[in-house]
Amino acid sequence: MRSGEELDGFEGEASSTSMISGASSPYQPTTEPVSQRRGLAGLRCDPDYLRGALGRLKVAQVILALIAFICIETIMACSPCEGLYFFEFVSCSAFVVTGVLLIMFSLNLHMRIPQINWNLTDLVNTGLSAFLFFIASIVLAALNHRAGAEIAAVIFGFLATAAYAVNTFLAVQKWRVSVRQQSTNDYIRARTESRDVDSRPEIQRLDTFSYSTNVTVRKKSPTNLLSLNHWQLA
């Protein structure tokens, strides 16, 4: 009998020990959702955006900015060089920023960061790039030394200016539509909430009861304080 009891006790201790070690083991099955562990595995290209006007303009802007940057980089000698350096900075910056936005929009990465107003970001980028490309192209054309690379850079600079200007116009329209849609959604939400309150009189009665209770408590509190002070003086 004692050996049976000792065996049962040993099995109980072993099971409890295995439970404790299993609970403290770092190799526990995680409860993290599969969608979060996938990371960038769920990315997919959006062909509708690339086929649309904004997508095509983005692709054209990236290509034109890259060609303008390559043309300006082939110039070996310049005097003065300020206009060349400015055009080089504008073309490189426009290529990088527009390329990043193209990747964000074509892969729907902007949907994962809703805290940023992407329509406004695109509007600022296109407007600023159009203005800077226009100024840089004018300056480079004024300081042109009749070199083939400079002439090509000026031509592609003005083409990039036109592409960014058209995109700015479309981005302004899209931004206005998004602002109007947001205001309309807020108005509909407010109207729905007011109708819910009107259709449920118990909510109004509850609000009225809580308001009357607060008023009653406020009216009674000075009397209670006076009676308490009178009792303390007595």
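Each Cβ is built from the backbone N, Cα and C atoms, and glycine gets one as well.
Remember, predicted model here, so these are calculated numbers, not experimental data.
Marked as compositional bias 'Acidic residues' by Swiss-Prot: 1-11.
Taken from Swiss-Prot, the feature compositional bias 'Low complexity' covers 15-25.
Over the domain 'MARVEL' (49-176), the average per-residue pLDDT in this prediction is 90. As annotated by Swiss-Prot, domain 'MARVEL' applies to 49-176, with the evidence given as sequence analysis.
Residues annotated as phosphoserine in Swiss-Prot, with a large-scale study or a structure entry given as evidence: Ser194.
Positions annotated as region 'Disordered' by Swiss-Prot: 1-38.
Swiss-Prot lists 59-79 (among others) with the feature transmembrane segment, giving sequence analysis as the kind of evidence.
Residues or ranges marked as transmembrane segment in Swiss-Prot: 85-105 (among others). Remote same-chain partners of the transmembrane segment (85-105), defined as residues 6 or more beyond its termini with a Cβ less than 8 Å from a stretch Cβ, comprise 46, 49, 54-55, 58-59, 61-62, 65-66, 68-69, 72-73, 118, 121-122, 125, 129, 132-133, 135-137, 139-140, 153, 157, 160, 164.
Tertiary neighbourhood of the transmembrane segment (123-143): same-chain residues 61, 72, 80, 82-84, 86-87, 90-91, 93-94, 97-98, 101, 150, 153-154, 157-158, 160-161, 164-165, 167-168, 171-172, 175, selected by CB-CB distance under 8 Å and a gap of 6+ residues from either end. Here Swiss-Prot flags 123-143 (among others) as transmembrane segment.
Feature annotation from Swiss-Prot assigns transmembrane segment to 151-171 (among others); the stated evidence is sequence analysis. Sequence-distant contacts of the transmembrane segment (151-171), counting only residues of its own chain at least 6 positions beyond either end whose CB sits under 8 Å from a CB of the stretch, comprise 53-54, 57-58, 60-61, 64-65, 67-68, 71-72, 75, 87, 91, 94, 119, 122-123, 126-127, 129-130, 133-134, 136-137, 140-141, 144.
Remote same-chain partners of the transmembrane segment (59-79), defined as residues 6 or more beyond its termini with a Cβ less than 8 Å from a stretch Cβ, comprise 50, 87-88, 91-92, 94-95, 98-99, 102, 126, 129, 140, 145, 147, 149-150, 152-153, 156-157, 159-160, 163-164, 167.
The DSSP breakdown of the domain 'MARVEL' (49-176) into helical (H, G, I), extended (E, B) and coil residues amounts to 107 helix, 0 strand, 21 coil.
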